[in-house]
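Heads up: the structure comes next, in structure tokens.
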């Protein structure tokens, strides 16, 4: 490389390097054949998959170009393909899995209708019951009370659903995923905050990690990151907050259908005086059974079917609101002046404080907007809310306020009483349909949240059905669906009144809202790196407002809504026990993994007969040889000629691209024919591969790994041969690049030039290429032999080796630990979905061994 063109070539090289190669100083890199070299995690050289990291070259040091050029001459190129924690990232590109969706005008209309049908049903039906619950205990006595209560509703609607969720929280999504676990995943991705110790440096190379952040508040962000990563107490506290928020989401999904449907059916009491409360309960139960039975048809189908109905409902809200304002006067518009809120609390502080729980119900469904984000885009949710949902809601509440100002004694069933008599029954029908739709909003959000929690090790495995071939993330969980139905029916029959359910509804909503506020605050500090003043304003305003509301609903908890708190506490314990047991099991497996010295003593035959075939041993370890493998060795009379340790790992990202799915590494020397493969999936990824397809992808990936390893060894062996001088080493290594397809290119000319220029450059260095080809002969023969061995092993058959690792508490353990591990966690493992069903393993090719760990 000539000195005159060295700088330009170096800069061009940097762009290529991030995607295709890494540089190491001779003698400074750890050989990949070293046994267990990745276990200490400290010998890796980062390779950027996104272009923001260079293997040994920093783009931030342009002032030291001259020094870098000298260093470049003393470095050598040793690998093509990004290095990731001593594994090779293999490409498994499956066409058609992730298809780009083009949003035409017609498609945008369909998406808007689906958004209405899935996301905004809950918040859209809040006018059915908000004023009823607000004025349940304290009847209104003056028009000023109506203006104060209405002003409180209007500004709650503007502050929480609009300002907090639509404009701020929605941007905290994790690659399109919303909800408390999506926020937790986002935090874990930027800081090692997960309690499960299976994180690898290679995980951060996944392109969907998206760790590019501004550096204005970088120092503060790094301090928070360091503090979070080093404090186990903060990690546990963060997890506890997330689990508490998730339990409140599930509790919210139980109360939402009960509240929405019963409030709509209550309209029958206005139109038919002979209908009593017991009949309302029975009709509500029948509607709920039908509702949950239709849930299995999926989000897209049901959302598109009910979207037009909800659009008609919002039009009815706006139309009735305009009618009442024109009929009873526009004096109600004065409620936009927030001073009436002050007057409302000044006249009767106790009444105003007790009405806060009912006021909050106008914002119900705000969390569903965020949790259901996985089904739609941020823009579609924002635009639909701002230009359709919010204006219709404001008009609806203003219309009810105008009616109340002229009818102070009619503070119950306000919505139905304010409907014009000519349109009463059509509106009751539309309201009932809208209430049924609203009940689905939190149900679909719960399905998404449960899937995220399961992937991150915080919820027992359940059967998940993907209901759409076109859109990822649209799922149905049968067990959870029927559990919600039974719980919802219990709440309806026990409480029997929207006023009692309304207070429980407020507790569930506020629990979720407060956890979301805390998590978004952490994201602002850690990831967004917002100015500290803005963060404090966000935290003070919204957390203070939510705590004020929460004090009101807790004051009425003794009326019966404490049952919901007990329900949420049970869900919290289930999730915490599952996470605790999973973490304890993984840590025990790490401690008891087989030592490499033992395998080396057994020899390449592993102390037994190596029978033809491939054994896929599923385990959870990302490093080391699992102890369950020793159980197989002592149990089976023979072991397969090729063994691959397969780890299905869920990474805290929504989606892992197919090109970055598999990580491979050789275990033990080559003649052992043992490999480790980590198959990485995001919590939004769909695992629908049949065994044959998965085997084919796995073997293809292994072959690519072997070919790439042979290319690398050939290049390295050439550099390690005797040469005349260090200058010759530097000169030759700086001119040759082995591409991902195995082709050899010269770096003597810019990489961006035409193929003819490259061919010319290769022609000028024939002596080097000939020498390289001669050195590659032995490696090529070895590669061909190993590939032939792989093909023969595959033809002999693939067998799945599955180990059941159970844990039991030691005799000297505390009583509480024995109770949790030996009974609660054991019960959850016994009744959750087994690994065989999750992995779709055929029984005819399955071998299982059980093992018990004492913890």
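Glycine residues also receive a Cβ, built from the backbone N, Cα and C atoms like all the rest.
If you look up TrEMBL, you'll see 1-67, 713-734 marked as region 'Disordered'. Feature annotation from TrEMBL assigns compositional bias 'Gly residues' to 1-10. Per TrEMBL, the feature compositional bias 'Acidic residues' maps to 30-42, 58-67. The annotation transmembrane segment is assigned in TrEMBL to 109-129, 149-171, 237-260, 280-297, 304-325, 352-371, 383-403, 423-442, 475-498, 504-526, 533-554, 560-578. The feature domain 'K+ potassium transporter integral membrane' is assigned by TrEMBL to 111-600. TrEMBL lists 612-853 with the feature domain 'K+ potassium transporter C-terminal'. Feature annotation from TrEMBL assigns compositional bias 'Basic and acidic residues' to 713-722.
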Cβ pairs under 8 Å with the transmembrane segment (280-297): which stretch of 237-260, 304-325, 423-442, 475-498 has the most?
475-498
Suppose you look only at the domain 'K+ potassium transporter C-terminal' (612-853); what would the mean pLDDT be?
73
Would the transmembrane segment (304-325) count as touching the transmembrane segment (383-403), if touching means at least three Cβ pairs under 8 Å and pairs must be 6 or more apart in sequence?
yes
Would you confirm whether the transmembrane segment (383-403) and the transmembrane segment (149-171) meet the contact rule of 3 or more C-beta pairs below 8 angstroms, pairs 6 or more apart in sequence?
yes
Return yes if the transmembrane segment (237-260) and the transmembrane segment (533-554) have at least 3 CB pairs under 8 Å (sequence gap of 6 or more), otherwise no.
no
In the same chain, which residue numbers or ranges, 6 or more beyond the ends of the transmembrane segment (560-578), come under 8 angstroms Cβ to Cβ?
240, 243-244, 246-248, 250-251, 254-255, 453, 457-460, 487, 491, 494-495, 500, 503-504, 507-508, 511, 553, 820, 824-825, 828
Do the transmembrane segment (149-171) and the transmembrane segment (533-554) come close, with at least three CB pairs under 8 A (pairs 6 or more apart in sequence)?
yes
